Amino acid sequence: MAATLLSQCYRIYNSDACKCVSSENHQTTGKRNGNRNLEFDSGISKPARLVLRDRYKVTKQVNDPALTRALRGFADSRLMEDALQLFDEMNKADAFLWNVMIKGFTSCGLYIEAVQFYSRMVFAGVKADTFTYPFVIKSVAGISSLEEGKKIHAMVIKLGFVSDVYVCNSLISLYMKLGCAWDAEKVFEEMPERDIVSWNSMISGYLALGDGFSSLMLFKEMLKCGFKPDRFSTMSALGACSHVYSPKMGKEIHCHAVRSRIETGDVMVMTSILDMYSKYGEVSYAERIFNGMIQRNIVAWNVMIGCYARNGRVTDAFLCFQKMSEQNGLQPDVITSINLLPASAILEGRTIHGYAMRRGFLPHMVLETALIDMYGECGQLKSAEVIFDRMAEKNVISWNSIIAAYVQNGKNYSALELFQELWDSSLVPDSTTIASILPAYAESLSLSEGREIHAYIVKSRYWSNTIILNSLVHMYAMCGDLEDARKCFNHILLKDVVSWNSIIMAYAVHGFGRISVWLFSEMIASRVNPNKSTFASLLAACSISGMVDEGWEYFESMKREYGIDPGIEHYGCMLDLIGRTGNFSAAKRFLEEMPFVPTARIWGSLLNASRNHKDITIAEFAAEQIFKMEHDNTGCYVLLLNMYAEAGRWEDVNRIKLLMESKGISRTSSRSTVEAKGKSHVFTNGDRSHVATNKIYEVLDVVSRMVGEEDIYVHCVSRLRPETLVKSRSNSPRRHSVRLATCFGLISTETGRRVTVRNNTRICRKCHEFLEKASRLTRREIVVGDSKIFHHFSNGRCSCGNYW
């Protein structure tokens with residue numbers, strides 16, 4: 001009976017199981033399992049295990065081939081309790097048997113036990129070898145212990161194993177997983193010999209850390225060194241191309257995969273290619289890849305659904321979902337729900353939310369994060385907050401989503417508070433966190449804090465990240481520092497379409513439309529294809545700078561040369577441009593021929609043009625259309641009020657005021673912000689609360705007299721009666737917040753330095769004239785950003801050309 005059972009064991013554990021640890025085994029993965037309730041393999045019966053133990057008791061030979069094979073068999077079959085019991089009965093186990101046990105614990109995801117067993121091995125005086133350390137290092141990575149990793153690395157150096165490629169590959173993976181790219185680079189650079197796994201570990205490690213640029217650069221270096229990419233290299237490189245938005249490089253890697261036949265029949269490589277084109281917005285390419293796939297698993301379907309959803313093809317996304325379920329018999333999983341959410345309006349989003357709850361997909365960290373994204377984009381911030389607060393487990397991506405939701409909904413100070421909370425936690429902000437929070441600094445007007453986060457970016461190895469640099473360009477531009485915005489743009493090595501759009505729009509809002517146009521020509525010369533946002537920025541530049549002919553040329557070239565259908569935003573820019581000429585009959589004709597129903601914003605463009613040309617008839621017509629859509633549009637009421645007051649139509653002024661009061665509409669209080677010595681100072685109209693009030697008003701009086709201003713002005717939106725206005729100083733433009741902030745900036749900054757002020761409303765004409773003269777008088781550049789554009793006052797002139 002015993003002989004029969006032993007022969008059965010020999011048949012089960014053939015000679016292949018006796019091979020020592022190979023390079024393939026170095027890649028073994030396993031999930032962490034905190035207890036010992038492991039899954040038992042039915043291949044070994046309980047009687048067989050008993051016979052093996054009895055054999056050891058009889059033979060007392062540690063090197064008995066049957067027992068060695070049995071121990072290896074227990075470990076390979078994840079029967080670690082039996083393996084441990086058999087091992088403990090062996091008095092003198094050699095390094096091979098210790099390695100078998102460590103490998104077994106690691107393969108089962110029992111990383112703590114594996115590290116403890118290694119310590120026991122060292123304590124027993126058994127010398128570890130090059131087969132020991134790859135699994136020990138993998139277990140250290142599994143418990144995320146950098147301290148233990150450093151100790152193991154030191155031991156590897158002491159034993160002279162740093163020349164072993166498998167040990168070094170494991171160290172690279174360890175350091176990359178723990179976010180220590182510098183240590184991984186050092187190991188990689190000092191390796192006397194590298195294999196494809198060495199390169200793959202570095203390339204995928206950079207990508208996992210959000211450094212797609214370094215990942216791509218290393219992939220190129222690998223090719224130069226004569227290594228042929230395998231499926232893992234290819235998938236990592238494709239992911240890096242998506243991360244840094246490098247369509248040209250992505251297509252080159254795709255072509256290489258086709259030539260090397262890497263993509264043939266490999267569903268994961270094909271899915272990576274599909275995902276890359278999806279993120280580029282190349283839906284037709286993605287469809288071609290998807291339709292050409294011989295095999296499609298749930299991952300491929302999910303990517304295609306996500307492709308449609310991400311690129312605004314909502315109907316196609318749901319049709320693809322339906323086809324997957326009905327024609328292919330695949331059941332939607334949690335990722336399907338995640339990918340459908342971007343295509344969902346609030347109603348469909350709640351439906352998917354309910355479906356996920358019914359299917360038991362929740363709680364699920366990734367799905368909950370996607371729900372936060374969806375509710376944030378739909379303006380349902382409260383729902384997003386509820387989901388975030390109820391999450392049992394949060395990672396940095398969850399924090400990124402709720403921060404982005406706050407920023408998207410204009411809650412910039414809440415976003416900054418949440419970012420500080422994340423900063424104080426054990427989690428480390430990643431590149432997406434930084435890119436998400438930078439717009440909040442731009443909108444909160446905190447340039448000094450923006451510079452602090454910029455310094456962090458440089459120190460945190462994100463200085464080559466295109467997405468972050470794009471956000472920095474936007475932040476500096478919106479904070480009024482066009483020079484630093486340009487410096488960040490120049491630092492971008494892989495400039496994508498967002499990079500060019502950001503810098504084109506930056507110069508546009510600062511009134512330098514000619515430079516925006518020149519940058520567009522540079523963009524085309526760099527072979528970066530423009531998109532809808534590019535032309536929106538370009539047309540805005542033409543409108544702000546009064547380049548009418550150029551604007552028409554770019555508008556007509558959108559469809560003709562680039563195949564881009566103009567959207568409602570482009571028609572709005574063109575209406576601004578036409579309105580600038582004062583040709584309102586042409587503007588009305590343009591509105592009638594427009595293939596869209598005019599929005600309140602479109603009518604607002606006409607209203608603004610009528611204000612600049614003092615055409616009250618057109619203004620009343622445009623305002624009437626706006627009130628049909630937005631009866632409580634504060635800006636529209638205030639603009640009409642100003643126009644009536646400037647025309648001396650006081651009855652209409654009173655009528656508008658009464659109408660605003662009846663609707664509970666109040667005028668937005670003017671507030672100006674200026675930074676001095678790293679601190680923001682806020683002023684309101686007639687403000688006397690500042691500690692330097694006396695000095696501010698002294699400077700204001702001196703400058704006002706020197707520029708030849710009178711002491712009293714009639715303010716057009718005063719609530720006082722017309723006959724009383726001339727007797728009042730309280731509403732004089734001399735006390736407007738933008739002047740107070742400017743004067744404080746003049747006395748609190750070094751002589752000759754630029755003064756930058758942000759104002760939340762449009763500055764009045766009197767203040768505009770004052771600032772022009774003040775810039776010439778003080779020989780200082782004064783930059784004022786109002787609710788529409790930035791004004792660069794220098795030597796008595798403004799970049800807006802007196803049209804804003």
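Cβ coordinates are placed from backbone N, Cα and C, and glycine is handled just like the others.
Of the candidate ranges 554-584, 678-708, Swiss-Prot annotates residues 678-708 with the feature region 'Type E(+) motif'. Same-chain neighbours of the repeat 'PPR 14' (496-530): 244-246, 248, 466-467, 469-470, 473-474, 476-478, 482, 485-486, 489, 537-538, 540-542, 544-547, 550, 554, 562, 564, 789-792, 798-801, counting only residues six or more beyond its ends whose CB sits under 8 Å from a CB of the stretch.
Helix, strand and coil residue tallies for the repeat 'PPR 14' (496-530), in that order: 26 helix, 0 strand, 9 coil [DSSP]. If you look at the repeat 'PPR 13' (465-495), the same-chain residues 6 or more away from its ends with a CB under 8 A from one of its CBs are 210-213, 243-246, 431-432, 434-435, 438-439, 441-443, 445-447, 450, 454, 457, 502-503, 505-507, 509-510, 512, 526, 528, 756-758, 783, 785, 790. Per DSSP, the secondary structure of the repeat 'PPR 10' (364-394) breaks down as 23 helix, 0 strand, 8 coil.
With helix defined as DSSP H, G or I and strand as E or B, the repeat 'PPR 13' (465-495) counts 23 helix, 0 strand, 8 coil.
Under DSSP, the residues of the repeat 'PPR 2' (94-128) split into helix, strand and coil as follows: 26 helix, 0 strand, 9 coil.
Secondary structure counts, DSSP: the repeat 'PPR 8' (297-332) has 26 helix, 0 strand, 10 coil.
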